[in-house]
Amino acid sequence: MEFKYSEVVEPSTYYTEGLCEGIDVRKSKFTTLEDRGAIRAHEDWNKHIGPCGEYRGTLGPRFSFISVAVPECIPERLEVISYANEFAFLHDDVTDHVGHDTGEVENDEMMTVFLEAAHTGAIDTSNKVDIRRAGKKRIQSQLFLEMLAIDPECAKTTMKSWARFVEVGSSRQHETRFVELAKYIPYRIMDVGEMFWFGLVTFGLGLHIPDHELELCRELMANAWIAVGLQNDIWSWPKERDAATLHGKDHVVNAIWVLMQEHQTDVDGAMQICRKLIVEYVAKYLEVIEATKNDESISLDLRKYLDAMLYSISGNVVWSLECPRYNPDVSFNKTQLEWMRQGLPSLESCPVLARSPEIDSDESAVSPTADESDSTEDSLGSGSRQDSSLSTGLSLSPVHSNEGKDLQRVDTDHIFFEKAVLEAPYDYIASMPSKGVRDQFIDALNDWLRVPDVKVGKIKDAVRVLHNSSLLLDDFQDNSPLRRGKPSTHNIFGSAQTVNTATYSIIKAIGQIMEFSAGESVQEVMNSIMILFQGQAMDLFWTYNGHVPSEEEYYRMIDQKTGQLFSIATSLLLNAADNEIPRTKIQSCLHRLTRLLGRCFQIRDDYQNLVSADYTKQKGFCEDLDEGKWSLALIHMIHKQRSHMALLNVLSTGRKHGGMTLEQKQFVLDIIEEEKSLDYTRSVMMDLHVQLRAEIGRIEILLDSPNPAMRLLLELLRV
């Protein structure tokens, strides 16, 4: 491993207690950047979430955690990963000092933002909880924006890793009573942060480990993670013992307690056993390093990651022995104390907010402006459905016979069965995995509009029902075989049942909206739904008749079809917003924002259909070509190749036969590539991003309110 940003620490100046024999201690040359990141995270927690008491976390007077555990972190990435690490430490402290159920909620809220999807279930909507949840989401959004600005690919890998960590680790099994080390160790590896650390280090070092090596990575690093987990248990024993006592538990989720039970020994005896095991596992990991250092069958980045873990082992030891987190009598250094008390020196905290993407295209893109027609979402992800109080039309009241006989009550079980039949197609599509973009848009927009959580939840439910209803109809009308990797609903329940349920669900959503909105707001929603159907009609007309729309017609269709659910959500939130919000000032800006967002989303979706391997798994290879759908790339190519007889005929043949062969699709794709239509599409998307950033900036200025969550959503839509 090449060393650019760190230096070896003289061994005579620190202690390791023999727990990292054979491994140097290295320290970053840029450790003040860690100080900035950690202190900034702590300040933001206090500001946006609430007081967190005495400072504790990543910093140390001589050895701060990231500086010695990831000493080769690229300098420009050191502050942001230190911020992330401090945020994780604070979250860990919260889940350690609350009850099990509350800790699960804390973890679920963390995972929700990492996955950009809404977590279903009951949520405490008291002001205190609302502020905490909104504060965490704000911090996480800002954090991801900073990471995306530096390295989008690594940032997205990191987010996935962190979501997995919060899902399966992060104190999820603190109620489990482990009494055998062999059963405890797999849990400890996850809880100590294997996936969190993977995301942090790969981002910090700029590593890209191939997916097919991830399982190998886990196998090769197992000994290191066991060693680090046991190290942490030695130093966190007093903290975790006290937390268990505080909550009246008769066990501690810590190797020291487990060893005490398994070997019938006291704390000192368990400590000795634990230290011996650490030495053994460190030695085993050094053997792995020796065996793999020249193995070219393993990617270079994986070998770098294996090497980096060596310094995580030694750095964890020297930091733990001197840090205030585990050593209450130790203080911070002079600079750290000064920054904590007086605030950080002036420095741009988030350059992404001032940066616009550069457009570099060989061909001038037609820039889709945002002042044409009204704007719906066609294919945003869906969350799980929640029941509403809207009547289904099935009465539980007594029924009179024509002869005026005694009242007969409808059998309740039969009514439940009928409702289950009616809603089964909806429940099927609502159960599919979702990216949660629609809910994320609503949450981000609400950072500006500040609608109470109860009302926001109802708006999300109604928009979710409308969205899933549109998907039921779209898949049937397009004859799509797959939806998110599963058979489309009409291929499970039949076309007639699917259409019937979709129609019912649209009416149900309108009923939900009527329950919490005034008549004028309901009328706006009805108008948007009518516009949505108009856009779908044009899309179907072009497909059926083989008519090639112009780019302007294509943009208008997107505004009518894909922008409308964004528009509906915006309208409902704006009408429910506090009277202090200057509606007249921001309404036109929000109108442009939703239209641009709809265009960005639809053009990106059509583009991904042609090029994305993940999309192929979810929907099939170039499914839009099977359906005869028009994308911007295809429209651009056709208008450049109006006399290409083979191309025109293969498209006509595909429509006639209800789909194309693999070879026919590849033929069309080759022409799209030759005509640089994919490059053109990318340039249009880049221009849309510029316009969206400008629109977000205008609204931020009008409301005097930065919105990192909205900017994060925009970054996640970048190709």
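A Cβ is built for glycine as well, from the same backbone N, Cα and C atoms used for every other residue.
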If Swiss-Prot gives Lys435, Arg438, His467 as binding isopentenyl diphosphate, which of Arg450, Arg483, Arg484 does it give for that site as well?
Arg484
Starting from each candidate's C-beta and looking 10 angstroms out, tell me which of the binding-site residues Lys435, Arg483 has the most other C-beta atoms.
Arg483
Please identify, among the binding-site residues Asp92, Lys435, Asp474, Arg484, the one with the smallest Cα-Cα distance to Lys561 (dimethylallyl diphosphate binding site).
Asp474
If you average pLDDT over the region 'Fusicocca-2,10(14)-diene synthase' (1-334), what do you get?
83
If you measure Arg438 (isopentenyl diphosphate binding site) to Thr562 (dimethylallyl diphosphate binding site) at Cα, how many Å is it?
12
How many other Cβ atoms are found within 10 Å of the Cβ atom of Gln602 (dimethylallyl diphosphate binding site), counting all protein chains shown?
24
Say you check the Cα of Asp92 (Mg(2+) 1 binding site) against those of the binding-site residues His467, Asp478, Arg483, Arg484, Asn609; which is nearest?
Arg484
